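A short worksheet on the structure shown next.
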Amino acid sequence: GSDASFSSPPPLGIRARVHNRVLITMSATNNPYSPAIPSSPLAERPSSRRNLRPFLVVIASVCLCSMMGRAAALSAAASKASATASRRPLTVHWFRHGDLRLHDNPALCRAAEAAAASSSSSSSSSSSDVGGGGGGGLLPVFCFDPRIFGDAARSPFGSLKCGPRRAKFVLDSVSDLRANLEGKGSGLVVAHGKPEEVFGALLERIDPGQAKSVTPRVYCQREVASEELRVDNKVRAVLGGHSPQSGGLETVWGSTMYDPEDLPFPGGVEGLPDTFTPFRNKVEKKCDIGNPLPTPSNDDLSLPRSDEALMKVVGGGDDALPKCSLTYLPTLEELGYSPEDVEKAEKPDPRGVMGTSGFVGGETAALARLHDYIWDKDLLKVYFDTRNGMLGADYSTKFSPWLAHGCISPREIARQCRRYEATRVANKSTYWVVFELLWRDYFKFFADKHGDDIFKLDGTLGDEARGSHPNSRRWGLDRRTVSAWIEGRTGYPLVDANMRELAETGFQSNRGRQNVCSFLALDTNTDWRYGADYFEQELLDYDVYSNWGNWCAGAGMTGGRVNRFNIVKQSKDYDKEGEYVRHWIPELADVPTELVHEPWKMTKEQQEQFGVRLG
């Protein structure tokens, strides 16, 4: 082999200044109102017949005023009814990053129901509405938010909010979603812009000056992290300006096997246990996983084609909004990524678990992988035995990138597992896949309960994480340690191989993730949020709840059991022959198995013999 260099382990227990905690806040708006009911005094009865005529005149005047008032009220009511009748309902399903599918999509089903009801109610109204069209139909929309995509979209820790590989996966998923919608006679408006600005521009074009001729109603999947909630509030404000009472934003839960109302805890999510095992025990005993919802029919997904003004704005022609239409799809370059990053994203590393094809985004690819893993290759029955592997496509399900983007429903996976158990075999492996999905549920509920605490240095422990408490820890930050960890130069082969795999492919095994987290947070005492933040940049299967929840727990900041891994033992246990570390660290290609997990034990003569230089 070549005389390649490989660094020895850095000193552990580095102490430096603690980075300021990231505090994320959200605002909420209230819309109070109170009715006022005026009172009127009773007229006094006249005391003599002489006063009767003036009294009758007064009565006549009161009656006339009353009739005039009633007529005015009736006229106002008629005008209001006429104005209401002239409004065009606009029903939108806003696809987000976590529901890029048609099957088992509760928010999409709710939007389709609302659109059908709107179409039915508007069918009897005049077709001479403002803009030249009636109500009815559903407009699907997806927004590439510049706060998330591109080199300029950075976190408080300096990492990209979304790396180019995941952006490519999202582009694939959105393209596939559009094709599937078009196959059902619908379509997908794709925009490059902030959702609140996209909806604002769209409404201004079809409802100029907020003339209240349009009644917008937007449906989307409910998210519970603070960044997403802030965007929700901004979208609500825009929609409220056009129709404060009839329109608005409705969020629908839809990314987990269980819904919050299914939880068997006092107060639902508020009563959620702060560790997984009590949650698992109670949920498995008392709750059933619901069946997936059917995909809406072609009729339910039909576009609002009768609204001529709207279709001109989103049709992709001369009257269309820029970067917002039924035909527009941005490139990675348009999203703001460099040519070098684009080239890397578009050419999967052949060393990755999915080979030269890489992970392809979209519902079509997701359902194909589901069928391939469970039914074609018949691998579900051995999942428990193979799940700790690190090489190849089939040691685990590899469903996670599609789950993270909502290309596949967890309830559909659970349904296929039940079907497999009924027709082939039921064992620990078939149970364990659903068990892993339950972990995913738990972290979203956990984030819903604890809010921004999962992003704080002390996690959900708060004061327990400081001082003399057994759970306390002194966090530090040494940039050289973080850089060595990111670049796979720590000197620990298992850590370095996993970090190189992540950097080159956007994927890492579950076993690898646990070890690199333990190393950074518990061996070097580095502010664990730098690890979670880097994972947010690189992971294809990033979702805010699983990523930050796992890192917070792995750092010991949730109050559960703290697993500090012995990296060398883990390396020998799960990569006995050193195939994985050699696969990603070619510098160790010729090092014998007895030394490949501990290369620092090599003598100078051995280093020369095997072409490795430590230091």
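Glycine is no exception: its Cβ is also placed from the backbone N, Cα and C atoms.
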Given that TrEMBL assigns Ser396, Thr397, Lys398, Phe399, Ser400, Asp541, Tyr542, Asp543 to the FAD site, pick the one from Tyr383, Tyr420, Tyr431 that the record assigns to that site as well.
Tyr383
Other C-beta atoms within 10 angstroms of the C-beta of Asp541 (FAD binding site) total 21
Tell me which of the recorded positions Tyr383, Phe399, Trp475, Asp541, Asp543 ends up closest to Trp528 (site 'Electron transfer via tryptophanyl radical') in space, Cα to Cα.
Trp475
Would you mind reading off the Cα separation of Trp551 (site 'Electron transfer via tryptophanyl radical') from Asp541 (FAD binding site), to the nearest angstrom?
15
Other C-beta atoms within 10 angstroms of the C-beta of Phe399 (FAD binding site) total 20
What is the total of other Cβ atoms whose distance to the Cβ of Trp551 (site 'Electron transfer via tryptophanyl radical') is within 10 Å?
25
Through the lens of DSSP with three states only, how would you label Trp551 (site 'Electron transfer via tryptophanyl radical')?
helix
For Asp543 (FAD binding site), the same-chain residues 6+ apart in sequence with C-beta under 8 angstroms from its C-beta are Gly98, Leu403, Ala404
Integer Cα-Cα distance in angstrom, Trp475 (site 'Electron transfer via tryptophanyl radical') to Asp541 (FAD binding site):
27
